[in-house]
Amino acid sequence: MPRNSGAGYGCPHGDPSMLDSRETPQESRQDMIVRTTQEKLKTSSLTDRQPLSKESLNHALELSVPEKVNNAQWDAPEEALWTTRADGRVRLRIDPSCPQLPYTVHRMFYEALDKYGDLIALGFKRQDKWEHISYSQYYLLARRAAKGFLKLGLKQAHSVAILGFNSPEWFFSAVGTVFAGGIVTGIYTTSSPEACQYIAYDCCANVIMVDTQKQLEKILKIWKQLPHLKAVVIYKEPPPNKMANVYTMEEFMELGNEVPEEALDAIIDTQQPNQCCVLVYTSGTTGNPKGVMLSQDNITWTARYGSQAGDIRPAEVQQEVVVSYLPLSHIAAQIYDLWTGIQWGAQVCFAEPDALKGSLVNTLREVEPTSHMGVPRVWEKIMERIQEVAAQSGFIRRKMLLWAMSVTLEQNLTCPGSDLKPFTTRLADYLVLAKVRQALGFAKCQKNFYGAAPMMAETQHFFLGLNIRLYAGYGLSETSGPHFMSSPYNYRLYSSGKLVPGCRVKLVNQDAEGIGEICLWGRTIFMGYLNMEDKTCEAIDEEGWLHTGDAGRLDADGFLYITGRLKELIITAGGENVPPVPIEEAVKMELPIISNAMLIGDQRKFLSMLLTLKCTLDPDTSDQTDNLTEQAMEFCQRVGSRATTVSEIIEKKDEAVYQAIEEGIRRVNMNAAARPYHIQKWAILERDFSISGGELGPTMKLKRLTVLEKYKGIIDSFYQEQKM
């Protein structure tokens, strides 16, 4: 895809000055929105139809950065480090390690507009063709959306909830919400009506944006239970029929014409960096989800310094190109795709809604990103797909790939920081690996990130064998995303990187190996949980440190290694402390047929394990089918089984497969630190874990409490049979 295509969002010639007042028959709704926005601003401020340069844009909007921002002054009388009120303010954590003065989201965008106004900001597909929005157009659309929200009655510190897949509308609605003094609140598209109701009620949503009729139906079911909700806007599909207070995107954007630019500017001028602008709801694995309040300083600081720690570059040096596909309701995707994009003038291209069902690689090939982020499960799926293709390839091709990956992995493990590559490694890359990366869409990708969950060593080794280094980040919703980051200049295998500027860490209650609870401090730390004072006080101690509940250690160079979750730590009936993740990963490494493994044993006499097998996905629903993957069938054939489905293995209790799994677990037990770490019983489940099944969260993280409850009968049977 061209890097600097002139085709803008609603701007067929790439120049906003070319927009004509006549609506052509081919004009789309997006074209009309941009055109009418331009006309409205021009007629109010310009006497002639001059090109919309940076200077004329300033004149047209009659904008200036407020004096208090120009003078680097801001009002911060608050002393408390936390609040639970949406309209509350906090004392920002400015100290000698991060003395830079704070600024607002609007200032961040305004400065980006000055530098990157003519660059492509957003890319999206319409009728199988890529179209683009420049930063100037993006800013205008965000202002238009802000005025639309004000017209609909958005109150200060109330929310606009967005329920839809990643899109330009998601972006400029989010930015417009902040401009209008509201709070952006993402809702996962997989959420039930009840989950939507809880979040929309808790955040006092005045407006809810939905992308499809399916999502609209959820809101219509719960509208009567939402006293603050004034309107719903559907932006990808038309509503099934005309309904009161339900607007199409065109109608919503048209409402903005009735609000003067000066009214919006007055609101922008009053905004402070220590006010809430984003709400991120946790997945709620233990009760109702918590609303994580993030300030404007949280967002602008992390977008700038968190991304710098990952070597994300400003467009003056190299315009970063990224693909947006992970749920924007999650802070990792939102900070990486949306806010960091604005900070550095990146080009963000939107994947199709079925990205995780198989179309992501097609988008990657077309876009050719310069940096890419995926949760571990996404990288695992890419790995499994490559393995399946390799298994179906001819003998020579398969052997060439194995050879190339073997010599490359060895080089990357023995000399991880060296730019001097042996001839065999360079030859392997030229003949084989470069072609694989190109087929994946990673030919120009310099930085590949992962986070939100631990990654298996097998997956990291696999991609190192392809000459794709995966850079880890560590953080939480409560740290606005990354608090630690890896990069080409700060990398150590298996670590989560080093501290982001303006951040601090301490480990409490360390054991003999230096492992303790990770506690964090810095400009990334959240304001508090909305309406939850008790939970906020549990998370933030009297000195202002955030207690993460994660266990880890630091090496001599400051690299962080996560060892597990304190709450996930299994304490057996005999008093042994057993971290489950290393044992689960060891089982998956030993048995390539295993998709998910969950260790059980808290307050039990011995350890047991639930296993799921690798199976294919339904292309329409993305749910797991009964059919084994190519890799799983290859495992079966290798151990002497002809099984092609999970049900065959379970119903017939396939002796070859069960024996192979038993032997694999025996090998894991042999490498265990002590007998209490041995897995004594296990069972294969009929279906793999999934988001729709409830066992996985939106970022594919295992929801252990849900699994314990859902499979309680099987788990209890492990221990009922152990009679004294």
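Each residue, glycine too, has its Cβ placed from N, Cα and C.
Quick caveat, the model's predicted, so the values are computed rather than measured.
Taken from Swiss-Prot, the feature ATP binding site applies to 282-290, 472-477, D550, R565, K701. The compositional bias 'Basic and acidic residues' annotation in Swiss-Prot covers 20-30. The phosphoserine feature in Swiss-Prot is assigned to S53, S56. Sequence annotations record features per position, and here Swiss-Prot assigns phosphotyrosine to Y658 based on similarity to another entry. Marked as region 'Disordered' by Swiss-Prot: 1-30.
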Query raised in the report: Expressed to the nearest Å, what is the distance separating A472 (ATP binding site) and Y658 (phosphotyrosine) at their Cα atoms?
Result: 35
Requested in this report: For the residue listed as 'phosphotyrosine' and D550 (ATP binding site), determine the Cα separation and express it in whole Å.
Outcome: 35
Query raised in the report: Looking at the recorded positions T282, N288, G475, Y658, which one has the fewest other Cβ atoms within 10 Å of its own Cβ?
Result: N288
Query raised in the report: What is the number of other Cβ atoms found within 10 Å of the Cβ of A472 (ATP binding site)?
Result: 26
Report summary line: Ordered by sequence, the long-range same-chain Cβ contacts of D550 (ATP binding site) under 8 Å (at least 6 apart) are E517, I518, I562, G564, R565, L566
Query raised in the report: Under DSSP, is T282 (ATP binding site) helix, strand or coil?
Result: coil
